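Peer 1: What follows is a single structure, and I will ask about it in a moment.
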Amino acid sequence: MSELIVNVINGPNLGRLGRREPAVYGGTTHDELVALIEREAAELGLKAVVRQSDSEAQLLDWIHQAADAAEPVILNAGGLTHTSVALRDACAELSAPLIEVHISNVHAREEFRRHSYLSPIATGVIVGLGIQGYLLALRYLAEHVGT
């Protein structure tokens with residue numbers, strides 16, 4: 001059996017990890033996060049395809065590709081979580097699991113961050129555990145979707 005491909009998609013501003021609000025998002029850069037995710041995925045027998053874009057259109061394209069391939073998605077949509085019906089509709093097409101991840105505890109922050117268009121259609125939501133949230137999502141997928 002071939003290894004399961006997991007799409008890890010990061011939205012707007014996540015390319016600035018380590019520089020943007022490190023007190024909220026931590027000091028790990030996006031490049032360091034990618035290496036960590038790829039290493040963890042390999043140890044779990046998964047192949048992580050990690051992407052980041054500040055463009056909503058690009059995120060939609062990647063979600064559509066995952067939907068067409070029936071591949072799971074770990075998604076940190078950043079601020080689009082709270083605003084994008086288009087992203088929600090694209091994610092609704094996924095037949096494989098969707099895990100919504102947020103580095104910070106969005107429920108302990110501003111009121112507008114507490115609403116997610118994605119949570120009602122996600123398989124699971126991991127918030128406030130820092131970058132460990134991505135690794136927990138990978139472990140879940142390895143165990144429940146599996147290799």
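Counting begins at 1 with the first residue displayed.
Just so it is clear, glycine is given a Cβ too, placed from its N, Cα and C backbone atoms.
Because the structure is a prediction, the values reported are computed rather than measured.
When I checked Swiss-Prot for this same protein, it listed these features:
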ACT_SITE  Tyr25  active site, proton acceptor
ACT_SITE  His102  active site, proton donor
BINDING   Asn76, His82, Asp89, Ile103, Ser104, Arg113  substrate binding site
SITE      Arg20  site 'Transition state stabilizer'
Peer 1: Count the Cβ atoms, other than its own, that fall within 10 Å of the Cβ of the residue listed as 'active site, proton donor', considering every protein chain shown.
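Peer 2: Within a 10 Å radius of the Cβ of the residue listed as 'active site, proton donor' lie 23 other Cβ atoms.
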Peer 1: List, in sequence order, those recorded positions among Arg20, Asn76, His82, Asp89 whose Cα sits within 10 Å of the Cα of the residue listed as 'active site, proton donor'.
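Peer 2: Those near the residue listed as 'active site, proton donor' - Cα within 10 Å - are Asn76, in sequence order.
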Peer 1: What residue among the binding-site residues Asn76, Ser104 has the most other CB atoms lying within 10 A of its CB?
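Peer 2: When each Cβ's neighbours within 10 Å are tallied, Asn76 tops the list.
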Peer 1: Between Ile103 (substrate binding site) and Arg20 (site 'Transition state stabilizer'), how many Å separate their Cα atoms?
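Peer 2: A Cα-Cα distance of 13 Å.
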Peer 1: If you count other C-beta atoms within 10 angstroms, which of the recorded positions Arg20, His82 is the most crowded?
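Peer 2: Buried the deepest by this measure is His82.
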Peer 1: Any idea what the Cα distance is from Ser104 (substrate binding site) over to Tyr25 (active site, proton acceptor), rounded to a whole Å?
Peer 2: 6
